[in-house]
């Protein structure tokens, strides 16, 4: 029993021994072989047996790898060598906070000015603050959900395991389905945006690359920039909706069929660079354009919109997806070095995310030149308000295009892992199974990019659908059931959490009727 006790401590991180012949190269992220994965399963089997008091069930010494040969398995198919005690595998609070910020910062940031336009400037700011607080509280409830389960070792549980504990198979499958909705919805938005960015990048390269002044475009047809010199042949073969979505199939469909997504995981840092550059771009454009605000509380004018509009549910739908991290927050927080600070760090991360959304949304809305353009011209992707010949925006589009090209296979990998793992018990049951799944996912993206390329509406629908279950309903119900089983449920808590459930339902229905 020389090292079993210390080995059990690391077992919560799914460690296993990787023989040298199973490690490819000297890179810090080594590929995980089938032999190593099998040993991981064997070690977990022995770990379950140790719960028994029978000493005969304690695993033999040869099964336990030596401390210098312990690796931590990542769901993305990589192995990280443990080079010290348990504390070295943990991150300080500042790293955890920015990891959450980086994970939540997605395509929704491009729709924030449009969402504020739909709700009205004043009401939009209020809704961003309120939705940030509500989703933070529901995320807190998810984070605490494993702590309220008695007589169970929940150290390696995820939120679907908690749902299964309280609601059986229905809870497990409902959390899976709604998680898939969020992932596939994100993949559809990515396909629409990649079509958009590839179109504008190609148009910039093909044209004379004119350095136009920083005037903006209105979809109503009013343009304050010189037109690019593209001809009818170019327009026929390089169309944002008719051809580009199909060209992307050639590039992205083969990437989705890779067994492992570890290669693409190395480019996730590009997401941080893209957001930082967007913040710089928004700041620069706001300084150049100045602020254009005129407050009309309930009535619109030629160039300005009311401060309170009945279309505000469209912003709440986008924000549900924008603040959505509930399905992986337990995993992210496990790596926090000081677990006692989890709630504080989660709150600071949400504050940082909310301030980023407010900064981008408010500045673009306020700087949009009205007059001569109406605030109603703000597009669901605010970059569409800038001409293809704008060099700074061209850099943003090109960077986002490359970043999304690397993230898209990761999202497809997560869809495959969740769906195939539940249906077949194997993340890669066969090329045909994976290929059919990828055809369905890619086909959905192509159809939406072809016939409904509105990322604001796609985001709000998918956000409201997945948020109904994973943000509002399941965390609230689990908390109430847990309190009831302990005999601690009181009517104020029941009323408040029932209100959250109704709010999620209203948020979903509001997308269809507002």
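Here the Cβ of each residue, glycine as well, is placed from N, Cα and C on the backbone.
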Range among 73-93, 94-114 that TrEMBL annotates as transmembrane segment: 94-114
TrEMBL annotation of transmembrane segment - which of the ranges 214-233, 494-513 it falls on: 494-513
Paired segments the transmembrane segment (494-513) and the transmembrane segment (311-333) in contact, 3+ CB pairs under 8 A: yes
Proximity verdict for the transmembrane segment (458-482) and the transmembrane segment (345-368), three or more C-beta pairs under 8 Å: no
Beyond the flanks of the transmembrane segment (431-452) by at least 6 residues, Cβ under 8 Å: 184, 187-188, 190-192, 195, 241-242, 244-246, 248-249, 252-253, 256-257, 412, 415-416, 419-420, 424, 458
Result, the transmembrane segment (391-411) in contact with the transmembrane segment (121-143) (3+ CB pairs under 8 Å): no
Interface check, the transmembrane segment (237-256) with the transmembrane segment (391-411), three or more C-beta pairs under 8 A: yes
